[in-house]
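Beneath this line is the structure, given in structure tokens, with notes to follow.
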């Protein structure tokens, strides 16, 4: 029983440590989602937790939305081959 508990705890830690994080980015423009209220930010948190993003928590960092616990399929800044505002 103790072994099963330890294995479960280790798997939970591995999932937490290896979760993806980064700046939320627009797939069409390659630009970060902007924000102006630094720290805890309802807008960033809502965007990060949106079903199409799948994140666990979001806040405003350096005037852009930073997301934690993202699935690997969610793109984060920078997107290879896309420069924000440059053609």
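Numbering starts at 1 and runs along the chain as displayed.
Each residue, glycine too, has its Cβ placed from N, Cα and C.
Sequence annotations record features per position, and here Swiss-Prot assigns signal peptide to 1-19.
The feature domain 'LCN-type CS-alpha/beta' is assigned by Swiss-Prot to 20-85, with sequence analysis given as support. With DSSP classes pooled into helix, strand and coil, the tally for the domain 'LCN-type CS-alpha/beta' (20-85) is 8 helix, 23 strand, 35 coil.
The disulfide bond annotation in Swiss-Prot covers 31-84 (among others). Annotation for residue 31 (disulfide bond): spatial neighbours 25, 84, 85, criterion Cβ-Cβ under 8 Å with sequence separation of six or more.
Annotation comment: Swiss-Prot describes 35-60 (among others) as disulfide bond, evidence class sequence analysis. Cβ neighbours of residue 60 (disulfide bond) (same chain, under 8 Å, six or more residues apart in sequence): 35, 36, 37, 38, 39, 40, 41, 43, 44, 66.
Look at Swiss-Prot and you will find 44-65 (among others) tagged as disulfide bond. For residue 65 (disulfide bond), other Cβ atoms within 10 Å of its Cβ number 26.
Positions annotated as disulfide bond by Swiss-Prot: 48-67 (among others). For residue 48 (disulfide bond), other Cβ atoms within 10 Å of its Cβ number 25.
The cysteine amide annotation in Swiss-Prot covers 84. Counted within 10 Å of its Cβ, the other Cβ atoms near residue 84 (disulfide bond) come to 13, all protein chains included.
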Looking only at 35, 44, 67, the disulfide-bonded residues on record, which one has the least crowded Cβ, with the fewest other Cβ atoms within 10 Å? 35
